[in-house]
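The structure under discussion appears below in the form of structure tokens.
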Amino acid sequence: MEITNVMEYEKIAKEKLPKLVYDYYASGAEDQWTLQENRNAFSRILFRPRSLIDVSEIDVSTRVLRFNISMPTMVAPTAMQKMAHPDGELATARATSAAGTIMTLSTCATCSVEEVASTGPGIRFFQLYVYKDRNVVRQLVKRAEEAGFTAIALTVDTPRFGRREADIKNRFTLPRGLTLKNFEGLDLGNIDKTVDSWLASYAASQVDQSLSSKDIKWLQSITSLPILLKGVLTAEDARIAVEYGAAGIIVSNHGARQLDYVPATIMALEEVVYAVEGRVPVFLDGGVRRGTDVFKALALGASGVFVGRPTLFSLAADGEAGVRKMLEMLRDELELTMALSGCRSLREISRNHIKTDSDFPHYLPAKL
């Protein structure tokens, strides 16, 4: 089958993966309204393309923090990738490096930070949950630093895990033979099966529900790495993030797996962008399946996007080659969208290139 767009990988993954694994990757919280809205909201944003512009050369490269990357599409943290493919996070690391972009490794990965580093050079961030045992956090951060990871993506939207009913029905547990590699030796890597979802039980027992803004400062005291806050959806939290020294913000609703009926991330993005007033970069995570989605996010002020489920599904479908092709397709679609919109570089993408039904016609002259 000739793959022509990213969505087709999910169909293949659904056929190949055990139901328990596919449901874990694909499902959202409760009614899954936000899961659908993460995609649907993009369709309500329309283009205002410009013509009569020389677009014979298009540059989609950009800079994130201090790193030059080939495109504004990066890989989000997704847990337990060996459930999708035997090479798991190692394949994703190789593919992302080959594409010249950034990979974010999940705390709950089935390959360790050291194993991912062993795949060769690449720009890699480490996603972090804060655990009740702060010594565990210190060890994880130190190991990430020593393995060459260059930023911490602190997840802030999981004081408790959302109610993911598919996992409850399936009695989700990590498949036999797999472990959470970053926790080996810390007595946290193997949790027994429960009558509920294994992951919910694990999180309830380990994640620190008292996490607050003051812990950003604590984390800064144990690492010199820049800290991005992942899971921000409001202007209020965005301002707090800046106040407490975050190096960037990732607008995310955790793949719609936490609180249902929160806005799609693309709908929450502009509020956060306005709140930070350019003081830190803002990124989007959630619902991206097309290069047109990337363009829309950039037009609303994002400095880049992270993709999660497309990584998992392309990995399940065709391993490293699948992830490479997925990133390549998103890059090519973005370049085409830019050309057809009259943008030669990411800097030329502006709010004037899109509109929504609720927009005031801000693109009209102030005086007629």
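Each residue's number is its place along the chain shown, starting with 1.
Quick reminder: no glycine exception, Cβ is built from N, Cα and C everywhere.
Listed in TrEMBL for this protein:
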ACT_SITE  His254  active site, proton acceptor
BINDING   Tyr24, Tyr129, Arg164, His254, Arg257  glyoxylate binding site
BINDING   77-79, Ser106, Gln127, Thr155, Lys230, Ser252, 285-289, 308-309  FMN binding site
DOMAIN    1-359  domain 'FMN hydroxy acid dehydrogenase'
Can you name the recorded positions among Tyr24, Arg164, His254, Arg257 whose CA is within 10 A of the CA of Lys230 (FMN binding site)?
His254
Out of His254, Arg289, Arg309, point to the one nearest Tyr24 (glyoxylate binding site) in space (Cα versus Cα); all of them are recorded positions in the record.
Arg309
For glyoxylate: widest Cα to Cα gap among Tyr24, Tyr129, Arg164, His254, Arg257 in Å
19
The most crowded of the binding-site residues Tyr24, Tyr129, judged by neighbouring Cβ atoms within 10 Å of its own Cβ, is Tyr24
How far is it from His254 (active site, proton acceptor) to Gly287 (FMN binding site), counting Cα to Cα, in Å?
11
For a quick check of understanding: among the binding-site residues Arg164, Lys230, Arg257, which residue's Cβ has the most other Cβ atoms within 10 Å?
Lys230
For Arg289 (FMN binding site), the nonlocal same-chain Cβ neighbours (under 8 Å, six or more residues apart) come out as Asn5, Val6, Met7, Arg39, Pro310
